[in-house]
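Asks: Could you have a look at this structure, given as structure tokens, before my questions?
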Amino acid sequence: MEVKNFEVWDYVVFAALFVISSGIGVFFAIRERKKATSREFLVGGRQMTFGPVALSLTASFMSAVTVLGTPAEVYRFGASFIIFFVAYAFVIIFTSELFLPVFYRSGITSTYEYLQLRFNKPVRYAATAIYILQTILYTGVVVYAPALALNQVTGFDLWGSVFATGIVCTFYCTLGGLKAVVWTDAFQMVVMTVGFLTVLIQGSADAGGLHNVLEQSANGSRLNIFDFDVDPLRRHTFWTISVGGTFTWLGIYGVNQSTIQRCISCKTEKHAKLALYFNLLGLWVILACAVFSGLIMYSHFKDCDPWTSGIISAPDQLMPYFVMELFATMPGLPGLFVACAFSGTLSTVAASINALATVTFEDFVKSCFPHLSDKLSTWISKGLCLLFGIICTSMAVAASLLGSVVQAALSIHGMCGGPMLGLFSLGILFPFVNWKGALGGLLTGIILSFWVAIGALIYPAPTSKTWPLPLSTDQCVPSNVTESVPPLLSSRPAIAETWYALSYLYYSAVGCLGCMAAGVIISFATGHQKGKDIQPLLIRPVCNLFCFWSKKYKTLCWCGVQHDSGTEQENLENGSTSKQGAESVLRNGLRRESLVHVPGYDPKDKNYDNMALEKITHF
């Protein structure tokens, strides 16, 4: 493959991304130097507004894997990826209306604090350990995979980009904390959008206009979007994307520390919800840009596919190769696209480092050393950011040795996300589930999701379910053309044609539903939790939506939880929670003084806010 090297202006544009990102970290380190508390460092003092948080969420959600992978997915399999519009909408609605109110009102910093409030310490520690392992592995791959693709196409130095990413992210996370991460993400979101728009405008002009792109895509069957086949073995249909995609992204988004940490950093619950809904607009914009980039790329390569012809060696290299051809005579613009891709990497890695530092400090350090001073807590938090920055960069080095296992590592995020979603759903939706059911459900969900995913790696799904749409090599140099043939499927057990052939988008659904089913069964088998021992703040009474017509049935569905024993607002305005709730929390092992960390309800605005935290603390 001919490697087209960067020119001076490409390096200048790319370097500007790293310089500005580092500068934001330095700015917040200087500006916030007098506010030396771990609370200020890890959650921005809980006074963020919805605008930058919304941009930060979108940037973190859309990694370089999205920037490079989604256009290649559309190029090979068609524009059905656009149905993720539906999945993203469900993800945001469930996150903002189901999970966020519980996390925000309980005043937690680490998402996994909720599990101790609701169950006990072992459940909290088990979930935290799984999150730390999956995030380190995923972050390492997120750094390495795009660096490798760009290196092989553009000649951009592989290890230079890997270490630059790790160093810069660690630098501004350690110096500026969450505020630096959020504002840097906002800047990187702008870079990602500009990079995509540049490709869309120039690519459309090169193809003779958007009308030609759509016509050629339709001729190549790339616009056959809506396939309502209910077969769960089909890779992409309306149902696998809308239903399976909702489970997948809710598992790694709705209950993910990185997302929730940004939401609870907002000054009111209303701002947190606005951040999520404005973030949805950002997700739709990036998804539309990525899908249309894939269609433009197909229009460009419709007569000579560089992958099947052997010009490039992997689908992830399609987008960088296309950009280098598209902007061959425009120095600086290839650098802008690479900056776009690495903006996705930087935002994801920075979010991961900050979230890892937060859960480690809140779930382990503070549990072991509860009386740390503010100054020491801040330095420990910064040290954890530095430590996890080094570990994640090292994981990127290790990823280079994994070979084909890299693809498996990318799936781990979704495989663990499903059981985690199931675990939090058990706590929030089912008051009768006890800690034994929670632990048993988590273990069951992980076993099921890993079983199906690892089985699919060993026995790939039948080609009739996954084989890409036709790609032409008619105008390629004949000597370079290599035929793509389906993998040989011999000696396959019967289970490989059903269970292992399940669409990858259903892995999280399997883990989540398996966790919930096992949790309910184990809880009833071991003696279910008594509702009167559970704080009402920790349960989301969704049954009220279905039993609004009958107070009797609503009360029955509350399973003994005292939702009507005095409103949350009254409890919070009095600066305390109910006696029963306090006793329950103390039995679960949380210290009495932590009960004051419940954000207050402002009766004037009819909204929960973090300012009440300070008032309650001084009671």
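Placed from the backbone N, Cα and C atoms, the Cβ positions cover glycine too.
Straight from TrEMBL, here's the annotation block:
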- 12-30: transmembrane segment (TRANSMEM)
- 50-69: transmembrane segment (TRANSMEM)
- 81-104: transmembrane segment (TRANSMEM)
- 125-146: transmembrane segment (TRANSMEM)
- 158-175: transmembrane segment (TRANSMEM)
- 187-205: transmembrane segment (TRANSMEM)
- 236-255: transmembrane segment (TRANSMEM)
- 276-298: transmembrane segment (TRANSMEM)
- 384-406: transmembrane segment (TRANSMEM)
- 412-432: transmembrane segment (TRANSMEM)
- 439-461: transmembrane segment (TRANSMEM)
- 504-525: transmembrane segment (TRANSMEM)
Asks: Could you tell me what the rest of the chain brings near the transmembrane segment (12-30), counting residues at least six beyond its ends with Cβ under 8 Å?
Replies: 6, 164, 168, 171-177, 179-180, 183-184, 187-188, 191, 332, 335-336, 338-339, 342-343, 346
Asks: Taking the transmembrane segment (236-255) as reference, which of 50-69, 81-104, 125-146, 158-175, 276-298 has the most Cβ pairs under 8 angstroms?
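Replies: Maximum Cβ contact count belongs to 81-104.
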Asks: Would you say the transmembrane segment (412-432) and the transmembrane segment (187-205) are touching, if the rule is that at least three C-beta pairs must lie under 8 angstroms and be 6 or more residues apart?
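Replies: Contact between the transmembrane segment (412-432) and the transmembrane segment (187-205): absent, because fewer than 3 Cβ pairs are under 8 Å.
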Asks: Please work out which recorded stretch in 50-69, 81-104, 158-175, 412-432 has the most C-beta pairs separated by under 8 angstroms from the transmembrane segment (125-146)?
Replies: 412-432
Asks: Can you name the far-off residues of the same chain, 6+ from the ends of the transmembrane segment (158-175), with a Cβ under 8 Å from a Cβ of it?
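Replies: Answer is 18, 21-22, 24-26, 28-29, 143-144, 147-148, 150-151, 181, 184, 342, 345-346, 349-350, 353-354, 357, 382, 385-386, 389-390, 392-393, 396-397.
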Asks: Can you work out whether the transmembrane segment (412-432) touches the transmembrane segment (276-298), with the criterion being 3+ CB pairs under 8 Å where the paired residues are 6 or more apart along the chain?
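Replies: These two stretches do not touch.
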Asks: Return the stretch with the most CB pairs under 8 A relative to the transmembrane segment (50-69), choosing among 81-104, 276-298, 439-461.
Replies: 276-298
Asks: Any residues 6+ beyond the ends of the transmembrane segment (439-461) with a Cβ under 8 Å from its own?
Replies: 122-123, 126-127, 130, 233, 235, 407-408, 411, 414-416, 418-420, 422-423, 426, 433, 487, 489, 492-493, 495-496, 499-502, 504, 507-508, 510-512, 514-520, 522
Asks: Do any residues, 6 or more residues outside the transmembrane segment (81-104), come within under 8 Å Cβ-to-Cβ of it, and if so which ones?
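Replies: Distant contacts of the transmembrane segment (81-104): 70, 73-74, 111, 114, 225-226, 236, 238, 241-242, 245-246, 248-250, 253-255, 259-260, 263-264, 269, 272-273, 276-277, 279-280, 283-284, 287-288, 290-291, 294, 424, 428, 537-540, 542, 599, 608.
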